[in-house]
Each structure stands twice: as structure tokens, then as C-alpha cells.
Amino acid sequence: MSDQLPQGATIGILGGGQLGRMLSVAASRLGLRTHVFEPGANPPAGHVADAVTTASYEDHDALAEFAASVDVITYEFENIPTAALDVLQELRPIRPGREALRVSQDRLTEKTFLTDLGLRTAPFADITDADSLAAALEVIGTPAILKTRRFGYDGKGQARILGPEDAAKALEDMRGAPAILEGFVEFSCEVSVIAARSADGSVACFDPGENIHREGILRTTTVPARLSGKQRTDAVLLAAQILNALNYVGVMGVELFVTPQGLLVNEMAPRVHNSGHWTQNGCTIDQFEQHIRAVANWPLGDGSRYADVQMENLIGDDLDRLPELAREADTAIHLYGKGAVKAGRKMGHVNRIIRG
Ligand SMILES: Nc1ncnc2c1ncn2[C@@H]1O[C@H](COP(=O)(O)OP(=O)(O)O)[C@@H](O)[C@H]1O
Ligand SMILES: [Mg+2]
């Protein structure tokens, strides 16, 4: 294992959104530099990073130049093209490693990986056409959700099937993309575990947060989640199991459904996660610093929770509430510096300390 990255070393971050931005801020607090690679113009992370490369993931010369300028490479999103990773990997370590990306880029691969580990998920089936969908609906039943295997986020690329009559329209909604059918889980709540693993194999998990989604988008995360002691232990242990199986280095978000029959894994994200933003104001070391520490080969920090917190996403027009939010007591505002407000676009979030 190589040494702890020293002051002035540079972390390369693939993706320049708000997660890359908050990773850059955390890195700078530790005396580390960041270089962001992002195809889009004026990325939120670019406002705070030390350097930005604006180029496409198909531009292999730009990728090679970027890699040569950094000490280690991490990322804020999982859909990095394989060919780009091939170029980068030759030049610098990529943390978390490629196995985590391979598994989490595709919902079918991901669910197969999880069930092979002995973890439980919603019932699922690979869908390639109308016949396989009809056959899967026979077994899984309704309600069910058809999802594209790749590139889905914030509930995009999903269609609900309440009865067999919805099947044809749902398949049409996939626009020919490979898909997976999932049985609808009657969960009592959704929680997520933000877990970290360092190169020496230490694992640390933040306290699970309880998530409320609206229209497929995360609205709030609240800690502590309403979980029994056993459920909390189960949640943390299963997250650790996933990280160990992948020989993972960095922070991962694991989304879970809580049901009377136990915990089901919904999905995992090999990166810092929106449902972990509360850690910025509830823990000594937040998820962003924890990720930077792991990637930079530092020891993991103390992520124990010292406050009850509710994180609320500011989506689209929510930003109009900024004057009132700025006057609220016990409320920390985190804005992403995004120019255009669009419906469904994450503009920022607030963390409210909950006092009993
Ligand atoms: N099988 C399912 N059963 C019940 N609800 C689901 C299921 N799959 C997804 N959902 C709901 O939709 C939300 C978004 O789905 P998810 O698979 O996490 O996709 P995304 O990648 O868009 O976050 C989940 O957080 C959950 O509220
Ligand atoms: Mg999700």
C-alpha cells in the first residue's frame, strides 16, 4: 500500500456536479488539490477546484493529460464509459476500483451481485422484449416497476406497471433500452447507509438516514432513522459486506427498503450520495472528507453522529425560499452555484439541526 497523499498532492475527480464540488471543498480543507474532468461548461465543481478540464470522455488525449496531472483518480458519478477508464487506469490508480463501477452501472449486474452475496433485493427479471416481460409478470406479479438497466437516476427511466394492461406502454417507455422488471416492494420506509472503506480494509459507516422521495427524487433525509437496534446493525453489516466483497476504497451509498420481513437492498452508488449530505452538519468528519481520506490513503475519520439532522433538498423553484431559509435558526445552507433553475434540478440543500 502506498503512503498517505501529502499536502499539495492532487486528486482528479471525474464529473463536475455538486458532489464533485463538495468533494473539492473537503479535499482543500486537507491541503489537497483537485482537478475536475467534466464535459459540460461551467460545472459547479469548477468554481472551487484547482483545475478543470473541459473535454468529452471520448477525448483520450485529454483524459491522458488529465491523468498525468493528478496523483489519484476518483469520480462523482458511476456512468463513466469503459474506454475512458481503460485510458485512465494505465496512468493512475482509480479509487473506488473498477469492479464497483462495473457492478453498479447496470441494475441487472448489481442485483445479481447482491443476491450472490446472500443479500435480499426486490424480485427481478431481465427484460429483452414483450415476451420476456409477459413471462416475468406471470412470476413477479403486479404492481411492478420496469427500469432501464443503465443510466437511470432520480426516478428517470422507470415505468410502473399496475396490471398486465400497462405492460406494452411501460416497454415503450424504455425506448428499446435493456430493462429489468422489479416487483413492487411494500416498504415501511426507505433508509440508506453511507459506508466507507480504506485501503487497509477498515470500514466505517455513518448512522443510517431515513429517506423520503417525491416523484422519484430524494426530498429529505432524516437521522436518526426510525429503525430498531437490530435493523440498524443489519443495515450497517450488510453495507460492510458489500464493500468488503468489492475490495472497495472510498464512500458508497447503499439504499435499503425496510420491510416487515427484513431489509432489502434497492441499489448502491459507488460514490458520495445525496442521502449522506446531512453528515456535513451532524458529524465531525462528513461523507466528503471521509471519501477524500479513503482515496488519499489517509486513515478514515470519526463519522459518529453528534446531532439529529434533517437534510432537505432544494429542487428547482425551492431556491425562491432562500431569503426565509437564510433567516431560519439551526439551518445550514449548501448551494451548488448552478446558473439555471430548472424543474427537478437539484440546486442545493439545507441541513436542519433537530433539537429535542
Ligand atoms: N422495486 C421497488 N419497489 C418499491 N419502490 C421502488 C422500487 N424501485 C424503486 N422504487 C422507488 O423509486 C425510487 C427511485 O428508484 P431507484 O431504483 O432508487 O432509482 P434511481 O436510480 O432513480 O434512484 C426509490 O427510492 C423508491 O422510492
Ligand atoms: Mg435510488
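Cβ coordinates come from backbone N, Cα and C, glycine included.
TrEMBL entries are annotated by machine, without manual review.
In the three-state DSSP reading, LYS156 (ATP binding site) counts as coil. The ATP binding site annotation in TrEMBL covers ARG107, LYS147, 152-158, 182-185, GLU190, HIS213, 266-267.
Averaged over the domain 'ATP-grasp' (111-296), the predicted model reaches a pLDDT of 97. Annotated domain 'ATP-grasp' per TrEMBL: 111-296, in sequence order.
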Quiz prompt | Neighbour count (Cβ, 10 Å) for ASN266 (ATP binding site) | solution = 21
Quiz item: Given the binding-site residues ARG107, LYS156, and counting only Cβ atoms in the protein chains shown, which has the most within 10 Å of its Cβ?
Solution: ARG107
Practice problem: Only counting partners 6 or more residues apart, tell me which same-chain residues put their Cβ under 8 Å from the Cβ of VAL185 (ATP binding site). | Solution: ALA122, PHE257, THR259, LEU264, ASN266
